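Each remark here refers to the structure printed beneath this line.
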Amino acid sequence: MALNMRVSSSKVAAKQQGRISAVPVVSSKVASSARVAPFQGAPVAAQRAALLVRAAAATEVKAAEGRTGKELGQARPIFPFTAIVGQDEMKLALILNVIDPKIGGVMIMGDRGTGKSTTIRALADLLPEMQVVANDPFNSDPTDPELMSEEVRNRVKAGEQLPVSSKKIPMVDLPLGATEDRVCGTIDIEKALTEGVKAFEPGLLAKANRGILYVDEVNLLDDHLVDVLLDSAASGWNTVEREGISISHPARFILVGSGNPEEGELRPQLLDRFGMHAQIGTVKDPRLRVQIVSQRSTFDENPAAFRKDYEAGQMALTQRIVDARKLLKQGEVNYDFRVKISQICSDLNVDGIRGDIVTNRAAKALAAFEGRTEVTPEDIYRVIPLCLRHRLRKDPLAEIDDGDRVREIFKQVFGME
């Protein structure tokens, strides 16, 4: 018995030592395509092996994480998205980003206790399942090469029949204390030198691929981490480099940030990178407040029964989003409307053309959500404050909200009263 205990202890110590040997990432950047830089001095066989990217995370750790997530999911039911009262601007921004992730994410600023986190988690629970390559740590798409990891693409080129499974859209939380190597991933240099393979432990960006990456209190996150997140969200790729070894993987996700303006604002150059910006406030109507309290109490008493009451509405909204994704490809903003959108951006002195691009995308997504392919002025009117309010130059003496200022210019350009 003592001998067995000593052997088990030495195995655990060896495993722990193997994990500690993973060198934190010093630098990371986003690349538009995957590339590999084999280390010098390695034998030919090792260099060939270096072309394979393997997840270095221990099997038992992954299994433990999977069990923990499942148990938490069962112990903490999600409040239904369709049961959320008010906050229509935030819900619209989230739905449009789900329909067209190229909008570029959404920043949600509002008071404490206004349902920001609840709404975002409810959205992830609402979305349909997706097809992934089985046992792939990057959630690779079995049919789209742009959403495949390098290893999966090599398997496809070799003619291998990929095993496919279904899973829920991943919802990844990024804690404020996360380090850069936890976000981007870690390369095990020791394993690369001794075994001739590039052992890569995926980070949060890999787990969030094809899903939602949520950062609560994003205005308190380190600026360099915000840069990494925004770069990855914009290009769809994450590249980790260390000691001449380079590993890239797809990192396409919907970036959702939330924060309280009382705790500080994001730098304008970072705020501009978010596609949309929603502002929410505390509900003032006493009747709505009573309804919110009543619904929350009912949900806390019997979550399963409460979710059952909203099941039909949830399924209908899910199908509506699926249909909108298909219809989006046929959507079109006519030339006259595009000129007027750009005129509004010019009149508001919006820097760059991100505002023009995002407004056009959001208007098409809203039209698709409403079951149409043609964008109307009403579609543009509903989305343009979300797309432009955070891109305006701040005037400390201004007496009008930025969203209202956008609406005023819209009415002037479109000739609406």
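Positions of Cβ are set from backbone N, Cα and C atoms, glycine also.
As recorded in Swiss-Prot, the features of this protein are as follows:
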- Gly110, Asp111, Arg112, Gly113, Thr114, Gly115, Lys116, Ser117: ATP binding site (BINDING)
- Cys345-Cys387: disulfide bond (DISULFID)
- 1-54: transit peptide (TRANSIT)
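Known features from Swiss-Prot, placed on the structure.
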{"residue": "Gly110", "record": "ATP binding site", "DSSP class": "strand"}
{"residue": "Gly115", "record": "ATP binding site", "DSSP class": "coil"}
{"residue": "Cys345", "record": "disulfide bond", "DSSP class": "helix"}
{"residue": "Cys387", "record": "disulfide bond", "DSSP class": "helix"}
Protein Cβ atoms within 10 Å of Lys116 (ATP binding site), excluding its own: 24
Cα-nearest neighbour of Cys387 (disulfide bond) within the listed binding-site residues, Gly110, Asp111, Thr114, Gly115: Gly110
Env. residues of ATP site, Cβ within 8 Å of mean position of Gly110, Asp111, Arg112, Gly113, Thr114, Gly115, Lys116, Ser117 Cβ: Ser258, Asn260, Ile280, Thr282
Cα-Cα distance linking Cys345 (disulfide bond) and Gly115 (ATP binding site), given in Å to the nearest integer: 31
Chain-internal residues near Ser117 (ATP binding site), provided their CB is under 8 angstroms and they sit 6+ positions away: Tyr214, Asp216, Ser258
Cys345 (disulfide bond) versus Gly110 (ATP binding site) - Cα distance in angstrom: 25
Cβ-based isolation winner (fewest other Cβ atoms within 10 Å) among the disulfide-bonded residues Cys345, Cys387: Cys345
Sparsest-packed of the listed binding-site residues (Gly110, Gly113, Gly115) - C-beta count within 10 angstroms: Gly113
Distance [Cα-Cα, Å, rounded] between Arg112 (ATP binding site) and Cys345 (disulfide bond): 31
